[in-house]
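To start, the structure under review is shown below, and the notes come after it.
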Amino acid sequence: MPDIVYSLEMIGIVAFAISGMMVARSKNMDPVGVFTIGFITALGGGTLRDLIMANHPVYWIKHEEQPILILAMAVVFSYWKHTERIRPSWIVFPDAIGLGTFSILGAQLALDLGHSWFIASLLGVMTGTFGGALRDTLCNEVPFIFRKDQIYASISFAGCWLYFLCQWALQSEALSLTIGLLFIVIVRMAAVRFDIRLQRDPM
Amino acid sequence: MPDIVYSLEMIGIVAFAISGMMVARSKNMDPVGVFTIGFITALGGGTLRDLIMANHPVYWIKHEEQPILILAMAVVFSYWKHTERIRPSWIVFPDAIGLGTFSILGAQLALDLGHSWFIASLLGVMTGTFGGALRDTLCNEVPFIFRKDQIYASISFAGCWLYFLCQWALQSEALSLTIGLLFIVIVRMAAVRFDIRLQRDPM
Amino acid sequence: MPDIVYSLEMIGIVAFAISGMMVARSKNMDPVGVFTIGFITALGGGTLRDLIMANHPVYWIKHEEQPILILAMAVVFSYWKHTERIRPSWIVFPDAIGLGTFSILGAQLALDLGHSWFIASLLGVMTGTFGGALRDTLCNEVPFIFRKDQIYASISFAGCWLYFLCQWALQSEALSLTIGLLFIVIVRMAAVRFDIRLQRDPM
């Protein structure tokens, strides 16, 4: 069980790091900029979560292999020409796994620390979305979370509540985690595929 | 006394949340964006204050009714047409109350934790102004606090020092709080009404 | 030894504050904006470092003379005409000292708290560069750290590792600090003078 959670977390970190590095490269940044944006995208959400919940040490300080992995990725990304072939559309699936894993694990940590469902769902959404919002702000784009043509944060929010409800109804942590995570990944993929939005007309 | 302070704080939160939601809507954000900007504007200053002073748990985690209120407001704001009639000028008074309450309460908390007057005044100003600065940065406007056509942070700073002096001279917490708060609200309203600035000419 | 470190730190703070105030004035900000940007540039990196490492109280709360100094500088900068003669090129040397001091002292603190070399070098780079990155983001410029025509963060990173290696090889804290610091200052000055970059061609 912890192994699966940890593997998913690593997939999420890699996916978020790649999404950050792709944006950084499209802005013509040098290798340091590529590493910095990748780092912030992948680890920003978890850092905010740990600071707000006073959960020290911050998780990438405890899991040193994560920033080392991101550093290695930045080197590959900056100097290996083949990575230019990565297309934005390839990122959607791992990005959805990142969103799902970070949201559910953030919410789970908040519950473990004794917070209520509502607070835990807010912290789950923050963990899942803050890194990407920072990436877009630093790269001077309108953050994803504020764009009308996408649903993103609301899927994370709904997935956290589904996880709480399953936990309460099923009494099985592993099953609830899986359901919440799958919900976020599948709905996010469907939203991108079928162009689902919260609001269609200008208000 | 605590009841009055708490009521003022709630008024400030509501006012800041409304100001954030109005900016978010003017940028055509969807309901999640409206909630996010409202949340950040209303609770950003207090979160920064609590993180810097290591005052855990962060206050909106302790007072769960505050994010719930902001969520309810975001729903109303996004789906109830009548809120479109709210004019920016209506926001000035509650926004001034928010600035006053957050500044004085931030400074008071810093004093309670044993910091000096100067540090407490800085933390008071941060608590009062950081939420609005984040709102403007995220919505791609020049933050209020940096605009030359407004005095904002300096009123908060002066109000904090007036509160300290009253506390020292009058030995009455309730009276000092009231004086500091009224000073900020009245001077801010006057500054908006009579267009008072620190500097008039380009340097 | 602590006196020299403290003196260097003050030079770094003054240099970073001046660089912030120059950018703020070029954006036509009022005195409050000048103070705010100066404060954030000079103390932002250390604040982030202390928050992430849970090293409370944050260092400018402990060293109250630092914000007071920045406040005095902001007053001089806003109202004394002669400061307009300061040229951006004059800032490069003190800015390099600031980068060097903050990076090495940030890394040293991280080692003292028991972190590994790699984590310590990341925290050193953050301490040295975050204030300037915030300054540029708030003033709507592409942050220094992301500009391709400059090497900045990589010098800080290399300097931190040189400091660790010297510490390990020489067993002398004072000597290692000096070597790491001098390396950053000299290489940074040389990079500006001879226009050294990580990458010359568009990718």
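Each Cβ is built from the backbone N, Cα and C atoms, and glycine gets one as well.
Look at TrEMBL and you will find A:8-79 (among others) tagged as domain 'Glycine transporter'. Residues belonging to the domain 'Glycine transporter' (A:8-79) score a mean pLDDT of 87 in the model.
Marked as domain 'Glycine transporter' by TrEMBL: A:94-167 (among others).
For A:6-24 (among others), the entry in TrEMBL reads transmembrane segment.
Feature annotation from TrEMBL assigns transmembrane segment to A:31-48 (among others).
Annotated transmembrane segment per TrEMBL: A:60-80 (among others), in sequence order.
Positions annotated as transmembrane segment by TrEMBL: A:92-111 (among others).
Residues or ranges marked as transmembrane segment by TrEMBL: A:117-138 (among others).
Within its own chain, the transmembrane segment (A:150-170) is flanked in space by residues 99-100, 103-104, 107-108, 111, 117, 120-121, 124-125, 128-129, 132, 144, 176-177, 179-181, 183-184, 187-188, 191-192, 196-198, which lie at least six positions past its ends and keep a Cβ under 8 Å from the stretch. Taken from TrEMBL, the feature transmembrane segment applies to A:150-170 (among others).
Beyond the transmembrane segment (A:176-196), the same-chain residues lying 6 or more positions past its ends with a Cβ under 8 Å from any Cβ of the stretch are 5, 8, 92-93, 96-97, 99-101, 103-104, 107-108, 149-152, 155-156, 158-160, 162-164, 166-167, 170. Annotation comment: TrEMBL describes A:176-196 (among others) as transmembrane segment.
Packing against the transmembrane segment (A:6-24) from elsewhere in the chain are residues 33-34, 36-43, 66, 69-70, 73-74, 77, 86, 88, 91, 94-95, 97-102, 105, 131-132, 135-136, 139, 141, 181: each is 6 or more residues past its ends and has a CB under 8 Å from a CB in it. Break the domain 'Glycine transporter' (A:94-167) down by DSSP state and the numbers are 59 helix, 0 strand, 15 coil. When the domain 'Glycine transporter' (A:8-79) is classified with DSSP, helix, strand and coil residues number 60 helix, 0 strand, 12 coil.
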